[in-house]
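To start, the structure itself, in structure tokens.
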Amino acid sequence: MRPRLYARFRPWIGVLSASVKPGTNTVSNTSFQEQQQTLWGGTGSNAELVRRVPVMAKYRLLLLRHGEGAWNIENRFCSWVDQKLSEDGVKEARDCGTLLKAQGYELDLVFTSLLSRSIHTAWLVLEAMGQEWVPIAKSWRLNERHYGALIGLNRAEMALNHGEEQVKLWRRSYALTPPPIDEFHPYFFEIYNDRRYSTCDVPKEDLPRSESLKDVLDRLLPYWDNVIVPEIKKGRTVLISAHGNSCRALLKHIEGISDADIVGVTLPTGIPILLELDEDLRPVKPRELLGDQAKIQAAIKKVEDQGKAKQVAK
């Protein structure tokens, strides 16, 4: 691509990526028309040229929210409690690996959190791909968001007591931090006496007691910038097997999603997300959720419905 045309085309890339409708792979017509006006001052033949010009990705990155966990079934805030994968979660991880193998992906490096459901998902994906030898690096900085005092509580029951909108804010908002966990919480010592957290790059007493999505991004970015990005820029194909909120935080950073719009971004379990990136690690096309699109939309709706009010069986 000629440098002048590419320079004129690059602003469109960011607008298009940011205008992906949450939970879909489509772009809103309004956003597309607005970016045409910005770049070309109209929607005529030049704008049509933009849509026809391909932009080659320099790097590819795969994000994956771990397979369904036991507490996903129970609709409870799991967070830093070390729950295992459910039977369906095991199948989701294996299906993900089978899909990636069928599409010809060859992984060079996998990153996970310190939580078993993230690690187990990575193992199952690599096994299904026949690439068990691929190195896995683990860090607490890819852990799920710390939900503080909400850990262990049922989302639907909370929606009955506090309202669906409040639960949605607790789950999805960017800057809202739930009440912190304390020593009286039933899972406090299970988390903070766990030997895995003695391996972190910060003292155990400095680990979070509660986090907003902004806090997740803040603790994740040093690991992204200093560890993951250099591997991507070596041309390696990287898979990040992490959690709903650590993946959402990364998407916010990479795609430049606004604080308001990130509330609407929903990631289903066990569905790989392909990001094709330029030399500055900015998207050259909308993120792509790989697999059967009808099943993906059903999985997204299932996640969104977790925060809706309904009576919980005792």
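Quick reminder: no glycine exception, Cβ is built from N, Cα and C everywhere.
These numbers come from a predicted model, not from an experiment.
If you look up TrEMBL, you'll see HIS66 marked as active site, tele-phosphohistidine intermediate. Cβ neighbours within 10 Å of HIS66 (active site, tele-phosphohistidine intermediate), excluding its own Cβ and spanning all shown chains: 31.
Residues or ranges marked as active site, proton donor/acceptor in TrEMBL: GLU144. For GLU144 (active site, proton donor/acceptor), the Cβ neighbour count at a 10 Å cut-off comes to 25, with all displayed protein chains included.
Taken from TrEMBL, the feature substrate binding site covers 65-72, ARG117, 144-147, 171-172, 244-245.
The site 'Transition state stabilizer' annotation in TrEMBL covers HIS243. Within 10 Å of the C-beta atom of HIS243 (site 'Transition state stabilizer') sit 27 other C-beta atoms, taking all shown protein chains into account.
Here the C-alpha separation of GLU68 (substrate binding site) and HIS243 (site 'Transition state stabilizer') works out to 10 Å. Note on proximity: of the recorded positions GLU144, TYR147, HIS243, GLY244, the one nearest HIS66 (active site, tele-phosphohistidine intermediate) is HIS243, by Cα distance. Over all protein chains present, the Cβ of TYR147 (substrate binding site) has 24 other Cβ atoms lying within 10 Å. In this structure the C-alpha atoms belonging to ARG65 (substrate binding site) and HIS243 (site 'Transition state stabilizer') are separated by 5 Å.
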